[in-house]
Amino acid sequence: MEVIGKTHPFSDIWEKVQAGIRLSKEDGLRLMKSNDIIALGHMANYVREKKHGDYVFFNTNRHINPTNICQTLCSFCAFGVRMKDPKAYTMSMEEIEHRADMVPPGVTEIHIVGGNNPQLKIDYYEELLRRLKKKLPHVHLKAFTAVELDHFSRVNKMPVEEILQRLVAAGLDSMPGGGAEIFAEKPRSIIADHKTSGERWLEIHEIAHEMGLRSNCTMLYNHLESEEDRIDHLIALRELQDRTGGFQTFIPLSWHPENTELIKQYPDLNWSTGFLDLKVLAVARLMLDNIDHIKTYWIQVGTKLAQTALWFGADDLDGTVVEEKIYHAAGAETEQEMEKSELIRLIREAGRIPVERDTLYNIVNMEFAIA
Amino acid sequence: MSIARVDSVKVDSILDKALSGERLTLEDGLALYESHDLIKLGAAAKQVTKRLHPDNIVTFTVNRNINYTNVCDTYCRFCAFYRPEGHPEAYVLSDDVILDKIRETYEIGGDESEILMQGGTHPGLPLSYYTDLLRKIKAHFPTIIMHSFSAAEIWKMVEVSGLSLKEVIRQLKEAGLDSIPGGGAEILDDRTRMRISKLKESWTKWMEVHDTAHRLGMNTTATMVIGFGESHEERILHMLRVREQQDKTGGFTAFISWTYQPDNTALKGTRATAVEYLKNVAISRLMIDNIKNFQSSWVTMGPKIGQAALEFGCNDMGSTMIEENVVSAAGATHSMNIRELIRLIRDAGLTPARRNTYYKILETY
């Protein structure tokens, strides 16, 4: 049988996909407006398997959020607080070192992001990186979104180039993809007002790529963005990748309505559905023909959807992987941790091959015991 | 680079066979389980579903689960619900409590709402308990549809009353029972059944209840639970047995599969995954060509995968399933549930419609 036959509405796009021809904005819009997720999944899976066969990548990392104090309190975000908030914190260097001491063997990456704290100068972050590198010389430090770097640039009155040079000298290895939100001005001005603009985000990643740093990219969806906004966002990322080639992974992030200002202003917003999550992943795989990896973040969309996504374009499963889970919230739909053996089982039972990687997608291990 | 795949030409020919309306065999079904192409299985199942339901309507019903007793003497290893008679946590709900719950459901869902009343296999309840209760319910709520009692409960009534199966079902029907849910089917193969529940009736006994009910003019549903460690062959045999019964009596209104939930059970084990569930739904739709309605299990798989199953062979989102222990805020909870089901169906590009137990459409949204 043929999933997309000659009379299918997407037969022309399917021919392009098979021929490796880049999809246009109009193609992307047709896909993003469609509810035929079987057709979208079929095409996305074709591209995914052409690039990666059955490999599903995951890495073992830990997160450090040095501060939750943020002067940019975006309406969609539940993390940042004001300085006087009782929950406010800034980690001391001793706390940072303590976190480093707790990192178990086998962790290949530390992911470091935090709020835009107006009191912290670049020397705080340089010292933080130095101490982590000294404690964990073989662990990759993936740190600071473009928004944070833009903030550092303003607070220290230095160009981003100089900020990055100093951070790299102190131990920075690559950048995460956060802070992209949605580049389109209209929804961005509502959900992320006063934050770094989409153009500035792209500019900072371009600077980083030209300095030899790899980075990831994201898109926040399921808020106020239109279908066209999503496609424009993907095309902007694709164009930058054409120029620099520095993006490794694209990660769609669905907005969660709990505990944010945005849900109070727009009470009709809701959790993303399975159709929307799978559609965005599949269309991203189809549009981003020059970005190698599409990641699904199981902490956010849930493990069930994330596993299914391995057939809708995703080749990477992100989330906190532990060797043995200490804390278990029985029945929780979206858990915070997953045992490595459980992740491996999920991948295998999807009919895929689990591959543990480091930050730069070097293979760390793929000889896992059959549980 | 890739796992060795089942010959995709072979899988394609099997799918073509299904799409042309030809019946699939046990061997065909086994080959489909060996395929890793989830999307293609879904695409074929979706085409079969669209042929049966060309209007793009996805249905759901308003119903309430009432577990009238947790006393049970079957001791299934996979069950977290049962308590032996005399246990401090054992209960049998009073008639008044049951009537109050039905009144709440009626106030929310109105005429032709459904009551899914199920409990343990209570050795101490006479048949008259059930028939009296049904009559009382029907006297108060004549349009409520009683979709109640699993095969195991009915066999317990046969045992306690000493009457024949046919007579028990006839009396239940006369007293007000409208339809019989498919609960207790688990896997219709005795190797798995004996492993998970030694005292449960055999698969042929389960089927005998449904056969008898169909011949008495009743409708019932068929279910399937995966994730007990059953083999692919046992799953296919389950589907074939359901299909064969439907050929004989035509009384199944729907097929419903879900995944075993290991929390708090003696059997433990691991949960079947989402991919396994979607694959099983698709293969069921391809194998069982004579049951029109396939119900998605948002209860066990969550709303996202429950919705995705609409692309893998399902045309029904099941029910709002007001919980047994819902508090008096049931109104708010319930309307959120209806609204959420409608949102999920619309978001999939389909038309939501409320139905009754017999899949008669009551309202299109």
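Glycine residues also receive a Cβ, built from the backbone N, Cα and C atoms like all the rest.
Residues annotated as domain 'Radical SAM core' in TrEMBL: A:56-292.
Per TrEMBL, [4Fe-4S] cluster binding site is recorded for A:Cys70, A:Cys74, A:Cys77. If you take the C-beta of A:Cys70 ([4Fe-4S] cluster binding site) and look for same-chain residues 6 or more apart in sequence within under 8 angstroms, you find A:Phe79, A:Gly80, A:Val81, A:Gly114, A:Gly115, A:Asn116, A:Asn117.
Taking Cβ-Cβ distances under 8 Å and a sequence separation of 6 or more, the neighbours of A:Glu181 (S-adenosyl-L-methionine binding site) in its chain are A:Cys74, A:Phe76, A:Arg188, A:Ile191, A:Ala192, A:Lys195, A:Gly198, A:Thr218, A:Met219, A:Leu220. Residues or ranges marked as S-adenosyl-L-methionine binding site by TrEMBL: A:Phe76, A:Glu181.
Within the group of binding-site residues (A:Cys74, A:Cys77), the Cβ with the highest number of other Cβ atoms inside 10 Å belongs to A:Cys74. In the predicted model, the domain 'Radical SAM core' (A:56-292) has a mean pLDDT of 92.
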